[in-house]
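The next block holds one structure in the form of structure tokens; read it before the comments.
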Amino acid sequence: MAAGSRTSLLLAFGLLCLSWLQEGSAFPTIPLSRLFDNAMLRARRLYQLAYDTYQEFEEAYILKEQKYSFLQNPQTSLCFSESIPTPSNRVKTQQKSNLELLRISLLLIQSWLEPVQLLRSVFANSLVYGASDSNVYRHLKDLEEGIQTLMWRLEDGSPRTGQIFNQSYSKFDTKSHNDDALLKNYGLLYCFRKDMDKVETFLRIVQCRSVEGSCGF
């Protein structure tokens, strides 16, 4: 084959490959509504697991006097995640932008990746369906990825790593005034339920603002 013909053939093949790449990048992305549906499904699942496990643990092990004393003492009821600035009421929540609410939700999820593994024995003994430390951790990681994807889509689509919650729960635990293992687990479950409720609420608000017809569901 002549050199000129070979060059022309290679050029044509290169242009064909380029057109394939361009077509591949033009594939439609996952609809925003589906991304929100997936994130909300995981958030609801996490909250339900947190709520059911908390209720089960409280009924089985915590006396009413202990519960009252725990909740009334700001030192024992202090949640590790309270170091994350979150809106304290509905009005302040509504004043936050979509990205702010997603960032807060992301940090709350990341804050539980370490301490949820300390509840291994609690989840192992729980009768709540799906309540194992591996399942809960996987749900947290899945939701972390889902929220990061939503943040990427709601911004300009440029790659980003997102904020990372890198404080250590173990440092907080060493300063804890609660040395009783039973009450320590109770406190973790109390805070886990509280934070998963926040995440679900924040995601629901952002979904309502971003996806037409999604409010109220």
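Yeah, the Cβs are placed from backbone N, Cα and C, and that goes for glycine too.
Secondary structure at CYS191 (disulfide bond), as computed by DSSP, is helix. For CYS191 (disulfide bond), other Cβ atoms within 10 Å of its Cβ number 21. Residues or ranges marked as disulfide bond in Swiss-Prot (evidence: similarity to another entry): CYS79-CYS191 (among others).
Taken from Swiss-Prot, the feature disulfide bond covers CYS208-CYS215 (among others), and the record attributes it to similarity to another entry. Neighbours of CYS215 (disulfide bond), defined as other CB atoms within 10 A of its CB across all chains, total 11.
The N-linked glycosylation site annotation in Swiss-Prot covers ASN166.
Summarising the annotation, Swiss-Prot assigns phosphoserine to SER132 (among others) and lists similarity to another entry as the type of evidence.
Sequence annotations record features per position, and here Swiss-Prot assigns phosphoserine to SER176 (among others) based on similarity to another entry.
The signal peptide annotation in Swiss-Prot covers 1-26.
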Practice item. Give me the Cα-Cα distance between CYS215 (disulfide bond) and CYS191 (disulfide bond), rounded to a whole Å. Key: 27
Exercise for review: May I ask for the distance between CYS191 (disulfide bond) and CYS208 (disulfide bond), taken between their Cα atoms and rounded to an integer number of Å?
Suggested key: 26
Review point. What's the CA to CA span in angstrom from CYS79 (disulfide bond) over to CYS208 (disulfide bond)?
Key: 28
